[in-house]
Structures are given as C-alpha cells and as structure tokens.
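K.L.:
First, the structure itself, so that you have it in front of you.
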Amino acid sequence: MNERIIAPSILSLDYSDTKAQLEALNQSQAQWLHFDVMDGHFVPNITFGPDILKGFKKISHQLMDVHLMVSDPEMYAPIFIDAGAQCVTFHTEALDNDLNRIQTLLEQIRSKGCLCGFVVKPNTPIELFETLLDKVDLVLIMSVEPGFGGQSFMEEMLDKVRWLDQIRNEKQLSYRIEIDGGINGETFRKAVDAGCDTLVAGSYVFKGDIPEKVESLLR
Ligand code: DX5
Ligand code: ZN
C-alpha cells in the first residue's frame, strides 16, 4: 500500500496573497504541490508557464507535480522538467491515445529523472492503456472535466480507480493512483476506499485554514 499523499492544486490559490499561502502550505502535511498547466487550446483556460514554476520552487517545500493540460505535451514536458518539475503527467487525448507516442514520452520524462504518468479525461476509457501500466509512476484520473477548479466530483470515475487498483494488485505493480477534481472532506473518503493514494484538492484546501484542510484529508 502506498502512503497517502495530498497534492493541493495551486489553481485555487489566492494570487493576491501568494507568498503567505505558499508558506501556510509549507506548515501543512502536503507533500506534493499540484501545478496545473493549461494552454487555452487543450482546455478553455490559461494558467502558468515554466517561469512561474521556478518562482514557486524558491518558496515551496513540496514535490512539484505538474499536470499538463496542453495540446503539445511532447514539447512542454521537457521545458517544465528543466524548470524544476519532479513529476509530470500529460493527457493521453493530446497524443490521440496513441500507445507508442505515449510510451515514448513517458520514457523521455523518466530519462530526465522525473516521475512520469498519464492522465485521462472523464470520457476516455482507462482500459486502453493497460500495457503501459508497468511503465508509469502514477496514473491520474480526472474526476471533473479538466479546465477549472470548483466543479462537482464525478463518482462514476471511481470505477476507473477500482480497475487500476485491481490491476496493480494482480500484476504486483506499485504505481500511484491520483485523482483530480471535486475532492473535499467527504468525497476523498470514497476515492481512498476505491484505491486512490494521491489526492489533488484545490478549492477545498485553499478556502479556510490550509494546514487544517490538508490534515482533514489524511484522516
Ligand atoms: C482541473 C484541475 C484541477 C483543479 C481541481 O482541470 O486539473 O487540479 O484545480 O480543483 P478542485 O479541487 O477545486 O476541483
Ligand atoms: Zn490538475
């Protein structure tokens, strides 16, 4: 069993108070920081470039977990690794769900000493990628449509989590199962019971006392 890791998503951070919020996060039990990169093309929203990641790294103690919601992850993965990403996930849909392209990019990310994984949107079947599961450090399951924080948890996505957990047991693999979207003080329990060990939470963590919110997801 993997240890449970909380990865607050900085998409919901209050940018008028960035430094104080990152320092509060450093006082919390969050081990990863989930950095949502959106290009305004793969998803209808724009967020952060690599220079912002470099700035965060000067303050934050967490491992930088970069979630690429971009149309060209083959171009951007190395750029974010050079900027300090320690874990990179990219969407299979951005590579037309092509197993060869996905495997090549996973290998590239790993060869740079970075944790690697792929992400699927809610409508993408996870079973397509079974042959890649011995080549990843983690799989990220979207439990909302990517693009925005603050949406409601799609409970049906737990079927994907259960399947991943079953394969992990059957094949004695150890990849992490990360879930992203709508995680709060109630939904996290369902995700953990289904097999998730890595919980992304944005709006839930940054509304209220940050260390307390993180702690509540570890109960
Ligand atoms: C959505 C992002 C998420 C988002 C989660 O596209 O990938 O990481 O910040 O936000 P909440 O936890 O508010 O659903
Ligand atoms: Zn994300």
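Glycine is treated like the rest: Cβ placed from N, Cα and C.
Bear in mind that TrEMBL entries carry predicted annotations, made automatically and left uncurated.
Checked TrEMBL, it gives:
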ACT_SITE  Asp36  active site, proton acceptor
ACT_SITE  Asp180  active site, proton donor
BINDING   Ser9, His67, Gly147, Phe148, Gly149, Gly150, Asp180, Gly181, Gly182, Gly202, Ser203  substrate binding site
BINDING   His34, Asp36, His67, Asp180  divalent metal cation binding site
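Locate each feature and note its surroundings.
P.N.:
Under a cutoff of 8 A between CB atoms, and with a sequence separation of 6+ in the same chain, the neighbours of Asp36 (active site, proton acceptor) are Ser9, Ile10, Leu11, Thr47, Phe48, His67, Met69.
When Cβ atoms from all protein chains are considered, those within 10 Å of Asp180 (active site, proton donor) total 27, not counting its own.
For His67 (divalent metal cation binding site), the number of other Cβ atoms no farther than 10 Å from its own Cβ, over all displayed protein chains, is 28.
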K.L.:
Between Gly147 (substrate binding site) and His34 (divalent metal cation binding site), how far is it from one CA atom to the other, in Å?
P.N.:
14
K.L.:
Do me a favour and check the Cα-Cα span between His34 (divalent metal cation binding site) and Asp180 (active site, proton donor); whole Å is fine.
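P.N.:
Rounded to the nearest whole number, the Cα-Cα distance is 10 Å.
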K.L.:
Please identify which of Gly147, Gly149, Gly182 has the densest Cβ environment, defined as other Cβ atoms within 10 Å, among these binding-site residues.
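P.N.:
Answer returned by the neighbour count: Gly182.
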